[in-house]
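Participant: One structure coming up, written as structure tokens, with questions to follow.
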């Protein structure tokens, strides 16, 4: 605040050293900038109008709940004709900072999109109008061209500054906003959504819409399970036959290089990392369609059966392919991590193949095929490490004793003995994320969001140092029964429960209070065009109007 008149300013101080992406609501619009001080300037104050009017204040239902939050009855009017978001003169970023400019435009549209025409003719500026939000980036390097990362500091402090979620409409159709103080930061750094685009192809429009919903719920990782057994929709420049022969359709059901670039950039603008998953050696049936001799030939007795199993781990050609393929992936996806899968490897085909059995004897593996899996995974990890990327793996890779780099992230997904697995993985010193309790493809009648909400990620035996290794979690929506027609309503607002568990303080556990806030948050999503399913009986002021 050096040199600024303290009497005319409301302050927001953002403490972040790593990225400039912008996320969910007004205070998060600034959340990813490296050290931001934003200043709201108003023409005057409106005192007392909302004193005793709890109904309006009840509508202020933030999700996920900030660490500290206090709202008062002091209120401002918000009008598209008189309000603007601008760069502060002291800011190290300016009109050339595309992330900020994009966010200014986007959030203005969020707040006023349905009001601009209605208020277009209004000329008069009232004393109660909030006129301006100035965004002041105080770090020397605004990092406007950077990508979000695990190390980003997302903490922020807001003093007397409104949030987008605090904007509510009065009975006369005018936007109002209350004077608010917030101190906020995420409990966990990794807050992800996994979407599966192999079992059913997900059109680009659906992926982008869910990135929008993720930002609105403060998720910051898109775990893109892009290929699997059923189809290979990723269009590789190095190996074009993978999608040409492995996708459901080589032209309509693929993600072109420009599609992938669009997803990454759309996510970057919202502070979301894109971590692709290319799962091997299992879950690779679609790979074999376009890459000759990659998969293991299965045998029936002494003769080939005509079917194929996991990646063939005994051929040098398999590793030559993986070297070239992951070299490409490392340049296409800018995140520091790639998810390498490693789960659910069926050994039956390996066991049937005479060449595999001979190799097992030569290596001294006996009949323990998990050692063969570890042999493959170890070589793959070395290949990926050579690209200067870190890697994430499913828990089986750890369970099978593969030698992992110190910075490996292990994802715990198997529900039984989840606490024991967390204890073991963190006890070995590895960074961990949890997805086991949050498989949203399992559906049931009623409000199953409450079950996801009640999960405590750190409820396992272990030291404080072990629990610090749990950096977050993911809500997973696998695609056996999900495509573009039902993905979004099945995911939201059920995933919102996971969002609050990963963002808010451990003490935020009141399901009744959460229900009241989530009902309102779901209506905000609906207003923004996201077809989030209802929690129970009720209505939204602005209902979903369809496609």
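In case you wondered, yes, glycine gets a Cβ from its N, Cα and C as well.
Residues or ranges marked as active site, proton donor in TrEMBL: 344. Residues or ranges marked as disulfide bond in TrEMBL: 97-144, 298-349, 523-540. Under the heading domain 'Beta-hexosaminidase eukaryotic type N-terminal', TrEMBL lists 62-157. TrEMBL lists 188-505 with the feature domain 'Glycoside hydrolase family 20 catalytic'.
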Participant: Limited to the domain 'Beta-hexosaminidase eukaryotic type N-terminal' (62-157), I'd like the whole-number average of pLDDT.
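Facilitator: Within the domain 'Beta-hexosaminidase eukaryotic type N-terminal' (62-157), the model's average pLDDT equals 78.
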Participant: If you count other Cβ atoms within 10 Å of each one's Cβ, which of the disulfide-bonded residues 298, 523 has the most?
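Facilitator: Result for the most crowded candidate: 523.
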Participant: Could you tally the C-beta atoms, other than its own, that fall within 10 angstroms of the C-beta of residue 344 (active site, proton donor)?
Facilitator: 11
Participant: Identify, among the disulfide-bonded residues 97, 144, 349, 540, the residue whose Cβ has the fewest other Cβ atoms within 10 Å in this structure.
Facilitator: 540
Participant: Which of the recorded positions 144, 344, 523, 540 has its Cα nearest to the Cα of residue 298 (disulfide bond)?
Facilitator: 344
Participant: By CA distance, which of the disulfide-bonded residues (349, 523, 540) lies nearest to residue 97 (disulfide bond)?
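Facilitator: Sorting the disulfide-bonded residues by distance from residue 97 (disulfide bond), the top entry is 523.
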Participant: Compare the Cα of residue 540 (disulfide bond) against each of the recorded positions 144, 344, 349 and report the nearest.
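Facilitator: Of all the candidates listed, 144 is nearest in space.
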Participant: Taking Cα atoms as reference points, rank the recorded positions 344, 349, 523 by distance from residue 144 (disulfide bond) and give the first.
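Facilitator: In terms of Cα distance, residue 144 (disulfide bond) lies closest to 523.
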